[in-house]
Amino acid sequence: MHRGLNLLLILCALAPHVLGPASGLPTEGRAGLDIVHPVRVDAGGSFLSYELWPRVLRKRDVSAAQASSAFYQLQYQGRELLFNLTTNPYLLAPGFVSEIRRRSNLSNVHIQTSVPTCHLLGDVQDPELEGGFAAISACDGLRGVFQLSNEDYFIEPLDEVPAQPGHAQPHMVYKHKRSGQQDDSRTSGTCGVQGSPELKHQREHWEQRQQKRRQQRSISKEKWVETLVVADSKMVEYHGQPQVESYVLTIMNMVAGLYHDPSIGNPIHITVVRLIILEDEEKDLKITHHADDTLKNFCRWQKNVNMKGDDHPQHHDTAILLTRKDLCATMNHPCETLGLSHVAGLCHPQLSCSVSEDTGLPLAFTVAHELGHSFGIQHDGTGNDCESIGKRPFIMSPQLLYDRGIPLTWSRCSREYITRFLDRGWGLCLDDRPSKGVINFPSVLPGVLYDVNHQCRLQYGPSSAYCEDVDNVCYTLWCSVGTTCHSKMDAAVDGTSCGKNKWCLNGECVPEGFQPETVDGGWSGWSAWSVCSRSCGVGVRSSERQCTQPVPKNKGKYCVGERKRYRLCNLQACPPDRPSFRHTQCSQFDSMLYKGKLHKWVPVLNDENPCELHCRPFNYSNREKLRDAVMDGTPCYQGRISRDICIDGICKKVGCDFELDSGAEEDRCGVCRGDGSTCHTVSRTFKEAEGMGYVDVGLIPAGAREILIEEVAEAANFLALRSEDPDKYFLNGGWTIQWNGDYQVAGTTFTYTRKGNWETLTSPGPTTEPVWIQLLFQERNPGVHYKYTIQRASHSEAQPPEFSWHYGPWSKCPVTCGTGVQRQSLYCMEKQAGIVDEGHCDHLSRPRDRKRKCNEEPCPARWWVGDWQPCSRSCGPGGFFRRAVFCTRSVGLDEQRALEPSACGHLPRPLAEIPCYHYVACPSSWGVGNWSQCSVTCGAGIRQRSVLCINNTGVPCDGAERPITETFCFLQPCQYSTYIVDTGASGSGSSSPELFNEVDFDPHQPVPRPSPASSPKPVSISNAIDEEDPELDPPGPVFVDDFYYDYNFINFHEDLSYGSFEESHSDLVDIGGQTVPPHIRPTEPPSDSPVPTAGAPGAEEEGIQGSWSPSPLLSEASHSPPVLLENTPVNPLANFLTEEESPIGAPELGLPSVSWPPASVDGMVTSVAPGNPDELLVREDTQSQPSTPWSDRNKLSKDGNPLGPTSPALPKSPFPTQPSSPSNSTTQASLSPDAVEVSTGWNVALDPVLEADLKPVHAPTDPGLLDQIQTPHTEGTQSPGLLPRPAQETQTNSSKDPAVQPLQPSLVEDGAPTDLLPAKNASWQVGNWSQCSTTCGLGAIWRLVRCSSGNDEDCTLSSRPQPARHCHLRPCAAWRAGNWSKCSRNCGGGSATRDVQCVDTRDLRPLRPFHCQPGPTKPPTRQLCGTQPCLPWYTSSWRECSEACGGGEQQRLVTCPEPGLCEESLRPNNTRPCNTHPCTQWVVGPWGQCSAPCGGGVQRRLVKCVNTQTGLAEEDSDLCSHEAWPESSRPCATEDCELVEPSRCERDRLPFNFCETLRLLGRCQLPTIRAQCCRSCPPLSRGVPSRGHQRVARR
């Protein structure tokens, strides 16, 4: 299980019917079944009742020190057991609401608002044996678990024998079988549904609106997740209606424990506020096998049933559906899905929901996983670097691996995700504490509630039982299904018995009853400031503290408060030639393979999520998110005028003083916190009317702002911008006019606008370098006006900052009278920036804060009253509440001075005492007599006594408190017998694929333990079954199939990013020690058909140069000579054109009608002269001549491979010579070691330019040789680099050449080149120029240049004509369409626009539109969009006002049912003012005494308008006019007085002085005083009407 999931054993025991009826327990799950008859006794063991329901236990006041106790006694195996139990008041809150819904009709909804206090916890005692813990529910008999002599025993009533009045109800007690040790791993899994982009954009937009309210530091605050849990009808059908409630609470308690684990890094409480149990299917909630549809239906349904307002006790923040349906990813398959939720959907009314499939107690991990997705947590390894290492288990792993002895925890990435989610303010709904009516969890360890057999029945059905001696139960739970043992690779839950006096806890078998002590977390000290995240350009340093002193353990509280601080550093700007910080982060991925290739990554800006790292491969448009968060200090918006930077993945605002969230701004000329007094505006007009080309208009200096450049009137001229470098233009340079738009110029953005012929340039600035304004003259200039704002010259030079201490204003006086204290605080000031952080000033020179007294006039006297003391009597007359009353005056904030009562005479004196409990009659008491003798002589008898009500108060005695009149008495034992009732089996089950071991299973015979050789191996990720491993076969009759599956947690996030944006060549072939793609590998024709090989196919595209090893075509039996080929330069014009003049047209320029590269024969390029197409020409290239002798080329290494980079050479034997035949084609060939010419029967078409450097040579005309060389042609194969021609054409043309001569054999034998004699009168001959190689852009033309003698050496090389030159017809232009703009309206019909430009395809330089007119039609620039009808806005109820008075703000949720489909202009307000009335209220005192005992009197009370903030009365009562004025008087004693003749008063009965004092104190109104002092207190006059019937004025 999980470290941190340590459930306190002192809380809930068993809810009613947790274990199910007795008939549902399989006989193999019980041992030692006994029948007992428990009775209720008192603390001393005296009999009280056969009735086990503790009706006398009533829940006392919450402040009661201890709960009521109950005692039970029973005889078990001849031993007398005494149960001492106490009520568990914390299982459910007083306002617990459990709804049972039937047939979707509200009238049939049963709501349980209270539960009986029949859940008891305590211990069992035995005089001899060791007792232990007991958790018993006494709601319907005794049902639960207790420990005796370190063994677990279960007790429950016998259903076959109902309880009889006056008789003890029979119960059965049975032991729980112990299990062996096990060990293995386990897997389980769920998957979150990704949140929609609309939701993410909505959240980001909300975050930006809340920026001003957010603090810069990271604060750890307690969060309360108020949860609605819904159990569907399948759950009720499976578990049974009485049991499902306790089962669900047990699951949710385990989930709450997971979220209390310290590894999550935040104090989060999972609280169930509402539980809905669906006995029938809901009309509006359709639960199907299709997981997506079920989640969608449930999210809609839970939103409708949610209570409005966070303050409602049953309002929930998230909803969880638990179902027994077998969930499937799609309609019918795959069906291994266990859970579904929306990522980052928490607190969203429509998306804060999840669905989980019930598979037994491991359901808790599924619920925790899906709830983690709602917190915005991604799977570990998905978009982050927290992929599970080995088998280290994490809760958010895509496939959870439960390693032995290692509990599930939260990974570092999960902690960062949830912290970022909360710091962004996306969890505002979690800030409010739950109201009354919250459900408390059962905190008994789940293994105590559900033993191993019960856990097996939950997973596999009623007939399943625990397989003993298979593995350690704390690691893996194995259950029987038929004759085999199955396992879902889950460990048994905490509290499961794993041996004698032991249970499982955190994956380990520990002594039973062991519960680690709860330890609350404590903050460590602040760490040192970290290294600055950047060396320039505003970096971030941070200091943080951890909740590690100590680390919270065992349900201890997590630390609350500030956990991280930030400070900016290295504020100086970076060098301009350095790439951006975001670009540097993208380039870190250049060395990583992406789709099988290496790419150069460039950044892509993302305004919706500016702090995520989005990049794309250079020259490709598709983008990828490479990191979830950029490094601290990365600008949020690259290229904009903004200082905002990213910190921990959140965009933080930076003021001009470079303090986070300071709000400091610059004035219009760049002075931080300035008032514009130092700004100077420069305005000039350029009036030269005539000019040629580009003419300077004026210079805008660096630091200029509010720049405006415009033509005075329309003209055909063009504005241009350039830097101080004459060759560097920002706009409209190089005689090219650009389109309207925004252009980056000198560190700022200029907006270029042209309406008709009138041009304007605007920019907010500031410029980082001087910018020249130019005018490109086309006609007469009507004038150009420009202006800008800059700081005055005296302040333009950069000055070092000056920091000093300054006093701020005096604080407000905290009191209105009685002397208060005002303080004057110090601030650190900078001369230009104003108030800055105190760290910039010298602390040694810091002056002291100033103080002074204020409002020293004395406060008026007022009555001070203390708290009411308890009533002096609890019943009957004569009891009083009393309190102290003093006249005091405030002389300070915390000091009061006592005065004489006369000083408060202007105020009515509050009452010092009032009667209490006089209406409560005191109860009577019971009296008891002595016990009689026992009624029997042996065994159990009865003795009696008398019980009487001692009635001396006139109140009957309480029957519930009446003592018993009879009790048991026990003498020497009598013999008696017991009977045993056998029962059937019950439980629950499921059918899902799982790992199982087939075992010859016998429920009555233990399964033998595997031998050490068959110890389990680590679980593999694959599904392969190793059937041949002998170590997997245990000895004896047990055999293990080990069919393993790993799909409990299915990853719904399919990796769609691997779609190729180009062909991926990931398969590589090793050729000659080099790894090359497969499309470059040499071809391999059949070995009996040697084929001459030209350049390797694809070598030109891949840019691969060098020698190619030959295909292994030649065998020792082959008589055909091999042809040696090498790769050649890619471009035939490389020798004639410079790099600047090389043909450039479209992005991939190819020369028309030329096969390139030409065939190469051992480094010599072969071609055919136009005059004689049948000659195979060999180009001389002395630079490629190897220095090694010809014979060295045939040397082989020991393994038979040729040495050196060249191919195998020709054999040394000469070619046989025969006379030439006119019908056969002949070819000259110089058989030097570096050049071989062969007759192929093909015509090779090559670039004519090369023929100037070629010379004809002749090959032998031996038919045998020709047959051998032409073999490839006759068999239909051809070299990849040669172009065949028909044989007829070849033969015809070759017969026309008289210069064809056979080779001399000696030349071939010697291997020497042929020497040709120089010709006389030779001259250069040129052919016609070819057409331009391109139709647009920069191309090339060439011509044939050759010597008339056929040998270039006969002609003068210095006078050789140019064979090629470049040509340029026109620019290659094409329409380039930009991205469509955002639709002007999301619904109701809108339009989107885009920019369409005519550009040069070479460098994407903008051109005038006429360049593209010959081509395709210009693409449209506008299209319709957002045609769907608009939906109405959804508004929630208003939340509680932020202030109780004095003006506050109310908020409500305003959202669109379908994001983007609502009219933005009609969006309702989400805030409104509230409680605008002043902070005053009427305060009333207690009603005074009635002015008359009868005949109509008046009661009066004090009514004052009091300021609730100061606690003082307001002089103006109109300030309380927002409340109804309470009555200050009311009539009383309206009954008529009896007409009794007053007795004659002779004298006062009390002493005269005492009566005079009472009269002065106003006591004569009291009837008793008036009767005792009849002379001093004359009777009331009846002639004057009472003022009690008059309305007293309000003021």
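Including glycine, each Cβ sits where the backbone N, Cα and C put it.
Quick caveat, the model's predicted, so the values are computed rather than measured.
Some features that Swiss-Prot has for this protein:
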type: MOTIF; residues: 189-196; note: motif 'Cysteine switch'
type: DOMAIN; residues: 223-434; note: domain 'Peptidase M12B'
type: ACT_SITE; residues: Glu370; note: active site
type: DOMAIN; residues: 444-519; note: domain 'Disintegrin'
type: DOMAIN; residues: 520-575; note: domain 'TSP type-1 1'
type: DOMAIN; residues: 801-860; note: domain 'TSP type-1 2'
type: DOMAIN; residues: 861-917; note: domain 'TSP type-1 3'
type: DOMAIN; residues: 922-975; note: domain 'TSP type-1 4'
type: COMPBIAS; residues: 1005-1015; note: compositional bias 'Pro residues'
type: COMPBIAS; residues: 1079-1089; note: compositional bias 'Pro residues'
type: DOMAIN; residues: 1320-1368; note: domain 'TSP type-1 5'
type: DOMAIN; residues: 1371-1431; note: domain 'TSP type-1 6'
type: DOMAIN; residues: 1433-1476; note: domain 'TSP type-1 7'
type: DOMAIN; residues: 1478-1538; note: domain 'TSP type-1 8'
type: DOMAIN; residues: 1541-1581; note: domain 'PLAC'
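Per-stretch counts of Cβ pairs under 8 Å to the domain 'TSP type-1 8' (1478-1538) identify 861-917 as the leading one among 223-434, 861-917, 1371-1431.
In the predicted model, the domain 'PLAC' (1541-1581) has a mean pLDDT of 79. Glu370 (active site) falls within a helical segment according to DSSP. All chains included, 26 other C-beta atoms sit within 10 angstroms of the C-beta of Glu370 (active site).
Using DSSP to sort the residues of the domain 'TSP type-1 4' (922-975) gives these counts of helix, strand and coil: 3 helix, 20 strand, 31 coil.
Break the domain 'Disintegrin' (444-519) down by DSSP state and the numbers are 13 helix, 22 strand, 41 coil.
Counted with DSSP, the domain 'TSP type-1 1' (520-575) comes out as 0 helix, 16 strand, 40 coil. Helix, strand and coil counts from DSSP across the domain 'TSP type-1 2' (801-860) read 6 helix, 27 strand, 27 coil.
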